[in-house]
Amino acid sequence: MRGWIVTAVITLLAAVTRFLNLGSPTDAGTPIFDEKHYAPQAWQVLHNHGVEDNPGFGLVVHPPVGKQMIAIGEALFGYTGFGWRFSGAVLGVILVALVTRIVRRITRSTLVGGIAGVLLICDGVSFVAARTALLDGFLTFFVVAAFGALIVDRDQVRQRMHVALSENRVAETVWGPRLGVRWWRFGAGVLLGLAFATKWSGLYFIAFFGAMSLAFDVAARRQYQVPRPWLGTLRRDLLPTGYALALIPFAVYLASYAGWFASETAIDRHQVGQTIGPDSVLPLPDAVRSLWYYTAKAFHFHATLTNSAGNHHPWESKPWSWPMSLRPVLYAIDQQNVSGCGGQSCVKAEMLVGTPAMWWLAVPVLLYAAWRMFVRRDWRYAVVLVGYCAGWLPWFADIDRQMYFFYAATMAPFLVMAIALILGDVLYQPGQGRERRTLGLIVVSCYVALVVTNFAWLFPILTGLPISQQTWNMEIWLPSWR
């Protein structure tokens, strides 16, 4: 019960921070930054039978789920800043609760879970992602929810293996026992499908989490002394994992286009017989072939949005700078006729930037996590690294592409989890004396206080509050933040 009380309190705090003055800032009542793409498209989805308007010479280049989520808020509260940001804020609050519960589960500590929740509340990237109508906040929610479902599935598998051991069924065959229907893994597949149907980068998590799930199964069969754990996993688990974490996500992805399939005027809806011929190598329905054509056009757009082709943006960045938040993204700034700061020259700005007290420690945190994973064989750090790397490493495959720091939104919860695990190690060392435990508690408390203070200092530029020009200059800690 105490764990749920702590979760409820932290979730309430998250709701206060995420919803406080949610409708601001705007660009004279219109969306800011890339909200200018997704908020109008969501409004079109709401009023155009589930699809975006056909732009003619333009192209809608992301799957529909994120815009469908934004449309829910717009349906409830209209085409306003609060309306197009409402759904993202709700999921941002739930994300804090999820991270709290996930860390509590893998550490078996309510305190460490609570610390993780507080850290995520105070993370600038997660905070801004939850308060803006971009797709990455939705992607992050679905990814972390799928991660949590797979952690529960891991525990459930071990419970079933324990029952099989008590019933002397583990060694009935060299492959070990069958594990039955695994609904948590199925749920993870649905959530990964929603991630994939939000942004194609969700595909990276399908691959990484699929491998992680199979690794869980091998480890479980080893732990319970199955004679051939690898063979058992291949025989018992490979196909069910492929069904749950590959086929189901693909089916969810296709289902997300239900409005597109039902429309007569959606983008590229009837390309068979026009741009593409009536014959096909595979016997696919014309609608699916048209969707494939549309997808290929969108992929071409992303693939050719490169620096070498002359595509540059003042706030773009490369993935090697993301772990330390070296090149944030300025979403909005207004320096003309701004009042309310108590001075003559006021600034209102919103910037996506990671809280330095956490992000600037990313390199030592990741190195320590890798050491715990490879040397100490600590599965908790291993799974957190899987999630972090799934959101980071694939972007190195095409460095020439135009990229932005907001792609790192999926990395933020896993960075927080890694830091929370380290703080848990500081708090709980086997055989530590009373003085050592007290010292650990003081160190952890001081660090959490530092993070909260750092977040409070950055709060004006995370929310677009009016500040003086002098304060604005003090908020910009690095030359690369300008």
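From the backbone N, Cα and C atoms, a Cβ is placed for every residue, glycine too.
A TrEMBL annotation is a machine prediction, not a hand-curated record.
Summarising the annotation, TrEMBL assigns domain 'ArnT-like N-terminal' to 82-256.
The annotation domain 'Protein O-mannosyl-transferase C-terminal four TM' is assigned in TrEMBL to 289-481.
Feature annotation from TrEMBL assigns transmembrane segment to 82-103 (among others). If you look at the transmembrane segment (82-103), the same-chain residues 6 or more away from its ends with a CB under 8 A from one of its CBs are 3, 6-7, 10-11, 14-15, 18-19, 22-23, 31, 35, 38-39, 42-43, 69-70, 72-74, 76, 112-117, 120-121, 126-127, 129-134, 137-138, 140-141, 144-145, 147-148, 151, 413, 416-417, 420-421.
Positions annotated as transmembrane segment by TrEMBL: 110-128 (among others).
Same-chain residues lying 6+ beyond the ends of the transmembrane segment (134-152) with a Cβ under 8 Å from its Cβ atoms: 33-35, 38, 62, 65-67, 69, 87-88, 91-92, 94-95, 98-99, 101-102, 105-106, 126, 184-185, 187-189, 191-192, 194-195, 198-199, 201-202, 205, 209, 212-213, 216, 383, 387, 390-391, 406-407, 409-410, 412-413. For 134-152 (among others), the entry in TrEMBL reads transmembrane segment.
Among the features that TrEMBL reports, transmembrane segment is placed at 179-197 (among others). Same-chain neighbours of the transmembrane segment (179-197): 63-65, 139, 142-143, 145-147, 149-150, 152-153, 156-157, 160-161, 203, 205-206, 209, 213, 217, 236-237, 240-241, 243-253, 255-256, counting only residues six or more beyond its ends whose CB sits under 8 Å from a CB of the stretch.
Beyond the ends of the transmembrane segment (241-262), by six or more residues, the same chain brings 45, 49-51, 63-65, 68, 182, 185-186, 188-190, 192-197, 202, 206, 209-210, 213-214, 217, 269, 287-288, 291 to within a C-beta distance below 8 angstroms of the stretch. Per TrEMBL, transmembrane segment is recorded for 241-262 (among others).
Residues 106, 143-144, 147, 151, 201, 204-205, 207-209, 211-212, 319-320, 322-323, 366, 369-370, 372-373, 403, 407-408, 410-411, 413-415, 417-418, 421 of the same chain lie 6 or more positions beyond the ends of the transmembrane segment (381-397) yet place their CB under 8 Å from a CB of it. Among the features that TrEMBL reports, transmembrane segment is placed at 381-397 (among others).
Positions annotated as transmembrane segment by TrEMBL: 403-427 (among others).
Residues annotated as transmembrane segment in TrEMBL: 439-459 (among others). With a cut-off of 8 Å between Cβ atoms, the residues of this chain six or more beyond the transmembrane segment (439-459) that come close are 115, 118-119, 121-124, 127, 353, 355-358, 423, 426-429, 432, 465, 475.
Taken as a whole, the domain 'ArnT-like N-terminal' (82-256) shows an average pLDDT of 97 in this prediction.
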